[in-house]
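Enquirer: Sharing a structure below in structure tokens format, with a few things to ask.
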Amino acid sequence: MLEAMPSVELGATIVVSLFISLALRRPVLERYVEAAPLQDQTLRQFIVEYVLFTLAGLIAIIANKTFYHIDYASGSMFLIGFLAFGFFIALDLSLERSRRRIEQRIASPLPAIIEGTLRPMTRTFFMVALMTFVYVMLVIILIISRDLAWIESMDNGQMATLISITTQTIFKEISFIMVLLLVMVVNILLSYSRNLKLLFDTETSILKAVTDGDLSRFVPVATNDEFGAIAGYTNRMILSLRDRIRILTTLRLATEVQKNMLPQSPPICPGVDIAGAIIYCQEVGGDCFDYLTLPDGRLGIAVTDSAGHGVGAALYMTTARACMRFATESYQGPALLVDTVNRHLTRDTRDTGRFTTLFFLEIDPVRHTLKWVRAGHEPALLFDPETADFSPLKGEGMALGVDKNMRSKAYDITGWKPGAILLIFSDGLKESRNKNGEMYGTDRMQQVIQANREKSAQTITQQLINDIERFSKVEPVEDDVTIVIIKLR
């Protein structure tokens, strides 16, 4: 029987079996644990440690059988003890490796997402609780069954005394085992709590930094449980925020560049008062207006509306503006200028499917003539101060960037009445809608111009903008809005 085994031999058996397992531990850890991916090392550490303790228990059983002739049934208590305490020690060592892994992840500047299979914390807690219960019950059953077997081997005359002694012995043994197991369970809980606190404090500090605008750090993904999943999604959020900030920064720069491309002040042209403004529906857009200095004191005014919105339309608009400025260097008339711009646009962007409309106006303040080309754009409106009527400056023409062989046609008017007002605009003006879906329309534009006919071009422009804002109220404009007002004296 195991109880008859001397304490020295019992201790020697335990020490030798543990020493053999310990000798195997380092090479097994290096090959099976440390060479594995980080996300698998914690579980593998537990498996290795538990298997080694199980091996130590088996070695002890074999040694007891070989050297002390203790049967396997009695020696099985060795195995149960090694399994019970090996479970808690292996779990503690695996938590220690997990803690080192967390610290490594904290020191790493690289983002990470959860790798491998998600292992819920609830499942881990359940398995630990289940195994603890199983081992406690096994130990208690072994203690009781051993003592009952001892009682059965005694004489009936000693039964009453033995029952009293056995009861006290069982109580002491169970109390000792329970205290020992309780200490180990508390140690596991403390170890696990340290890991959770490290994860929680790190993630909390990083989330606080994110709320303050600091996106330089990532949450360490050191476990394959819910904490790892939350950390992985948090890192994705940080990367998305970085991309968004980078895009917004680029858009702010693009907005500044596009704003600087617009005329900063009206041109100086005798007898002409000019003002212009643009409302973009996004940070940047495809609308543009420009003032061009032409030969013989003439003035060119161009309003373009590129298809689409946002960055793509803005880039196309920039190309159209550059082509127009280039064509102005050899200016020979509105039609030739528009054809030159169209030829360059079609050549450079024909495969993009993009196009732009254009209304180009030439003002000759000396001869009092107006010449224009309408390339798919909204007709400008000419206000007659005597009759208070509006006349559209119509004309045939196709949008630019569609057909390189397109030939534009120029139209002209000779003479104008003092106080006449020209409105060149993009379709976003009349197509602006309110919350009821009603469009702003041409009539409202004309009413604003009539009501402010005696005021400056800048004032009329601002009044139009104010009227659009009152009309649409909180509804954002759906398309870019361009307004150019020209008062002819």
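Quick reminder: no glycine exception, Cβ is built from N, Cα and C everywhere.
These figures come from a predicted structure and were not determined experimentally.
The feature transmembrane segment is assigned by TrEMBL to 6-25, 46-63, 75-95, 125-144, 174-192. Under the heading domain 'HAMP', TrEMBL lists 207-246.
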Enquirer: Name the range, of those listed as 6-25, 75-95, 125-144, 174-192, that has the largest tally of Cβ pairs under 8 Å with the transmembrane segment (46-63).
Expert: 75-95
Enquirer: Counting only residues 6 or more past its boundaries, what in the same chain has a CB within less than 8 Å of a CB in the transmembrane segment (174-192)?
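Expert: Residues 84-85, 88-89, 91-92, 95-96, 99, 128, 132, 135-136, 139-140, 143 contact the transmembrane segment (174-192) from elsewhere in the chain.
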Enquirer: Residue list, the transmembrane segment (75-95) vs rest of chain: Cβ under 8 Å, 6 or more residues beyond ends.
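Expert: Distal contacts: 2, 13-14, 17, 42-43, 45-50, 52-54, 56-58, 60-61, 64-65, 128, 131, 135, 138-139, 142, 146, 181, 184-185, 187-188, 191-192, 195.
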Enquirer: With DSSP helix as H/G/I and strand as E/B, how many residues of the domain 'HAMP' (207-246) fall in helix, strand and coil?
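Expert: Secondary-structure breakdown of the domain 'HAMP' (207-246): 26 helix, 0 strand, 14 coil.
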